[in-house]
Amino acid sequence: MKLLVINGPNLNFLGIREKSVYGNEDYGYLKSIIQEKAVNENITVDIFQSNTEGNIIDRLQEAYYDGTQGIIINPGAFTHYSYAIRDALASLSIPIIEIHISNVHKREEFRHTSVTAPVCTGQIVGLGLKGYLLAMDALKSMIN
Ligand code: DQA
């Protein structure tokens, strides 16, 4: 099984940014727990991060060609306004899980809207970094 994890803007700053919201663990730690689970469960995973909207769209388009079977995406703040990322997600017919580390519904009003979620298969919100691992389990059950 081949999965793609995409993290949008500022997620490379985990462990630095707003620790009371996103926790103390850094981006390297997030990558390591995803990789560890992938190795244990015989999953091939590519973990991609970009602060740039166009690079995220380019990587999603690549997924159309490279045999990716499922996507986990945390679009960061792009969640709330990027119709371009929404359109790129809508182009794909594989399962896609949107993830947010924090419970966006408890936060500022502008975070309550996701323009990307309606074109995803499902969403995991507010469960911390563990949400990425739960999303891997969810994709496993959908793909196999
Ligand atoms: C986030 C929530 C977004 O509102 C925010 O802009 C982020 C991170 C989350 O994982 O909780 O960058 O997607």
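Every residue number used here counts from 1 along the chain in the order it is shown.
Cβ atoms are placed via backbone N, Cα and C, with glycine included.
As annotated by TrEMBL, site 'Transition state stabilizer' applies to R17. Annotated active site, proton acceptor per TrEMBL: Y22, in sequence order. According to TrEMBL, the feature substrate binding site maps to N74, H80, D87, I101, S102, R111. As annotated by TrEMBL, active site, proton donor applies to H100.
Recorded features from TrEMBL, shown on the structure.
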residue	record	Cβ within 10 Å
R17	site 'Transition state stabilizer'	11
Y22	active site, proton acceptor	19
N74	substrate binding site	23
H80	substrate binding site	16
D87	substrate binding site	14
H100	active site, proton donor	22
I101	substrate binding site	24
S102	substrate binding site	18
R111	substrate binding site	16
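Ranking the recorded positions R17, Y22, H100 by the distance of their Cα atoms from the Cα of N74 (substrate binding site) places H100 first. The secondary structure of N74 (substrate binding site), as reduced to three states from DSSP, is extended strand.
Of all residue pairs in the substrate-binding list (N74, H80, D87, I101, S102, R111), the one with the greatest Cα separation is 24 Å apart. Y22 (active site, proton acceptor) is 6 Å away from I101 (substrate binding site) when you measure Cα to Cα. Under 6 Å, Cβ to nearest atom of ligand 1: this is the test, and of the recorded positions R17, N74, D87, H100, S102, R111 it is passed by N74, H100, S102, R111.
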